[in-house]
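A quick write-up on the structure given underneath.
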Amino acid sequence: MTDTNRFEELFKKALEASENSYSPYSHFPVGAALLMEDGTVITGCNVENRSYGLTNCAERTAVFTAVARGYKTFRALAIAAPKADYPVGPCGACRQVLTEFAPQDTPVIFGPSYEKSVVKTLGELYPFDSLHELGD
Ligand code: THU
């Protein structure tokens, strides 16, 4: 399978995941799909709360679900925000969380649709990453 096919497939899963979004406050559904090293795809959606600051982004929902299922290294990420007018990249908090589990060359594809999506590496989105030396 080519990278293009793989990205399209991953983006489709992110789009499907956005259908489960709980976003009654922003009305802005987001879905994320993470590709694992063994080919498994784990998805997440944004989950909002009436105490707005407790909202969890789609990306972090996917990351935390993946870790809870035993995965700790990610190969690619797709983010679908179907109501956006332009490609919406992950927020700063999600970029930090992603770098815990994905190397700088990890491709991140994001957009309102696959046709309008862009691909950046995690290193482009989050350069000069903070220290990793505290881990084992
Ligand atoms: N949101 C995400 O889930 N991921 C992003 O990359 C951007 C923003 C969510 C948070 C909130 O529920 C809604 O989109 C509006 O900001």
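Backbone N, Cα and C atoms are what each Cβ position is placed from, and that goes for glycine too.
Database features (TrEMBL):
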ACT_SITE  Glu59  active site, proton donor
BINDING   Asn46, Val47, Glu48, Asn49, Arg50, Ser51, Tyr52  substrate binding site
BINDING   Cys57, Cys91, Cys94  Zn(2+) binding site
DOMAIN    5-133  domain 'CMP/dCMP-type deaminase'
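Least crowded of the binding-site residues (Asn46, Asn49, Ser51), judged by neighbouring Cβ atoms within 10 Å of its own Cβ: Ser51. Among the binding-site residues Val47, Asn49, Arg50, Ser51, Tyr52, Cys57, the residues whose Cβ lies under 6 Å from any atom of ligand 1 are, in sequence order, Cys57. For the binding-site residues given as Val47, Cys57, Cys91, Cys94, the lowest number of other CB atoms within 10 Å of the residue's CB is seen at Cys91.
Taking every protein chain shown into account, Glu48, Glu59 are the recorded positions, and of these the Cβ with the most other Cβ atoms within 10 Å belongs to Glu59. Taken together, the residues of the domain 'CMP/dCMP-type deaminase' (5-133) have an average pLDDT of 96. Listed in chain order, the residues near the Zn(2+) site other than Cys57, Cys91, Cys94 are Ala58, Glu59, Arg60, Pro90, Gly92, Ala93, Arg95, Val97, each with its Cβ within 8 Å of the site Cβ centroid. Each residue contributes its Cα atom, and for Asn49 (substrate binding site) and the residue listed as 'active site, proton donor' those atoms are 16 Å apart. Neighbours of the substrate site: apart from Asn46, Val47, Glu48, Asn49, Arg50, Ser51, Tyr52, residues of the same chain with C-beta atoms within 8 angstroms of the site's C-beta centroid are Tyr22, Tyr25, Gly53, Leu54, Thr55, Asn56.
Of the recorded residues, Cys94 (Zn(2+) binding site) and Glu59 (active site, proton donor) place their C-alpha atoms 6 Å from one another. Closest in space to Cys57 (Zn(2+) binding site), of the binding-site residues given as Asn46, Glu48, Arg50, Ser51, is Asn46, taking the CA atom of each residue. Secondary structure from DSSP puts Val47 (substrate binding site) in a beta strand. When the alpha carbons of Glu48 (substrate binding site) and the residue listed as 'active site, proton donor' are compared, the span between them is 13 angstrom. Recorded residues Cys91 (Zn(2+) binding site) and Glu59 (active site, proton donor) have their alpha carbons 9 Å apart, per Cα-Cα distance.
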